[in-house]
Amino acid sequence: MSITPAPKRKAAIFGVPLAWIAAFGALIGVFSIVPMIFYIFGGGFISAGMVIFSPLAGIIMGPWAGYIAGLIGGLIGMLISPASYPLGFIDANLSGAFIPLYWGLVKKNYWKFMIPWWILWIIVALIWPYHIPGPAGGYKEAPEPYYSLSWAWTYIGFALYLATLKFLNNWISENSTTTKKIAGFIIYNFIANTAWMVPWKIIYFALLKYPPETVVADNIISWWAYTLPMVVATTIIAYAVVEAMRKSGMYRPPGGVV
């Protein structure tokens with residue numbers, strides 16, 4: 001199938017037309033008023049913009065253009081929907097820009113960025129703030145090994161990322177079978193979700209000074225409260241949109257998986 005070339009003489013960033021970035025940013029921001037998943041212990045919700053359009057931005061446009069679109073959407077969202085961006089500008093990054101960034105980084109081409117970035121945040125989550133600074137900083141000492149074990153979903157996601165790195169791109173490619181595409185998108189979205197939730201959660205926990213026992217409970221419940229619904233919804237939408245783009249012959253940004 002022929003692929004429509006990038007429009008000539010139109011401004012683009014990282015191979016993505018500015019109009020696409022602006023459109024995704026607007027969709028992420030506007031749909032931030034639509035709740036889809038409420039926070040386990042209250043205080044806000046994960047919006048349709050975060051569940052649907054933010055991951056799509058990373059999948060279609062890649063991590064760098066996706067980050068810009070997510071930041072635009074986050075800035076819009078924090079103004080019109082404080083409940084989905086309760087931390088303001090910090091959330092414009094955590095709940096806005098970071099989602100397409102992570103969903104874009106799962107693509108094999110970016111493993112040199114993804115692996116150290118993921119490991120860095122795992123280390124941060126394990127030691128900060130409940131061990132360092134710990135009680136000296138006004139935080140209760142985390143109960144071990146329960147605290148470290150409660151982050152099991154990100155360890156599993158990281159192991160799955162390494163195990164599927166060589167073939168996951170092929171599974172979700174245009175010439176793959178339908179079964180492999182669906183399985184591939186489930187794996188892809190699970191990896192992205194379990195990577196992104198580490199900085200998203202630990203910064204919330206630290207700034208709001210959650211007790212470590214609450215963190216453990218939140219992490220355990222996250223399997224079905226956050227990861228399951230987000231992976232299922234994102235897989236359905238991403239598969240449908242990516243397949244439609246492939247069949248239509250639309251322009252395919254070089255950083256995405258289309």
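Cβ coordinates come from backbone N, Cα and C, glycine included.
Database features, via TrEMBL:
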TRANSMEM  12-31  transmembrane segment
TRANSMEM  37-57  transmembrane segment
TRANSMEM  64-81  transmembrane segment
TRANSMEM  87-106  transmembrane segment
TRANSMEM  113-132  transmembrane segment
TRANSMEM  152-172  transmembrane segment
TRANSMEM  184-203  transmembrane segment
TRANSMEM  223-242  transmembrane segment
>> With CB pairs under 8 Å as the measure, which of the listed stretches 37-57, 64-81, 184-203 comes out on top against the transmembrane segment (12-31)?
In response: 64-81
> Under a Cβ pair cut-off of under 8 Å, which of the recorded stretches 87-106, 113-132, 184-203, 223-242 contacts the transmembrane segment (37-57) most often?
Replying inline: 223-242
